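Worksheet: the structure to be examined is printed underneath.
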């Protein structure tokens with residue numbers, strides 16, 4: 001299972017929020033590149049990089065940080081947050097993203113998101129399915145939609161999506177453990193999906209459980225920054 005640490009960016013700094021609420025922001029490091037290099041030093045290969053300024057302003061903002069991390073580490077980066085236009089996407093890939101995650105755009109502008117899937121392919125485009133009570137949430141989680149989570153994922157599988165990052169918003173940044181039941185349900189009903197679990201990871205022991213369920217990967221944020229899971233533990237897990 002892929003281990004994917006997260007770096008969330010506000011005003012160029014590495015932060016974490018609780019339940020996606022911008023008022024709860026804690027700054028963990030002024031230098032995201034340093035954080036990324038520390039991940040790489042422990043054998044980590046993947047990075048989930050979120051432009052929270054972008055998510056709020058509906059256009060790419062922190063692409064310079066993406067570029068720095070992409071040029072100065074060999075991490076495979078999936079980048080998300082506010083990608084709304086062909087231009088945003090071009091900038092993200094030109095700045096060094098290996099994959100991009102589309103969340104709000106997949107709800108609010110299906111035409112453009114489906115075009116991206118067909119143009120760039122399913123290895124490059126990840127569906128961000130962020131849910132609250134099994135309804136999809138959009139715009140940095142500030143709005144709920146009427147889309148039901150599992151049918152939404154299935155619909156995009158039919159359009160060619162393979163990778164799905166699913167965040168249970170109620171769990172995100174709360175360090176109370178991930179939504180095992182929700183992920184079991186998705187894996188049972190959206191057959192063949194490459195599911196990346198996100199939100200709530202709080203202890204190392206949860207990782208083998210997510211792997212057992214069949215998750216393709218897991219995104220870990222606050223648990224690393226708060227020292228609940230150490231980079232050494234992750235290194236040992238990756239080495240196997």
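Each residue, glycine too, has its Cβ placed from N, Cα and C.
According to DSSP, residue 8 (active site, proton acceptor) sits within a strand segment. All protein chains considered, the CB of residue 8 (active site, proton acceptor) has 24 other CB atoms within 10 Å. The active site, proton acceptor annotation in Swiss-Prot covers 8, and the record cites sequence analysis as its basis.
Positions annotated as active site, proton donor by Swiss-Prot: 130.
Residue 130 (active site, proton donor) sits 16 Å from residue 8 (active site, proton acceptor), counting Cα to Cα. Under the three-state DSSP scheme, residue 130 (active site, proton donor) falls in the strand class.
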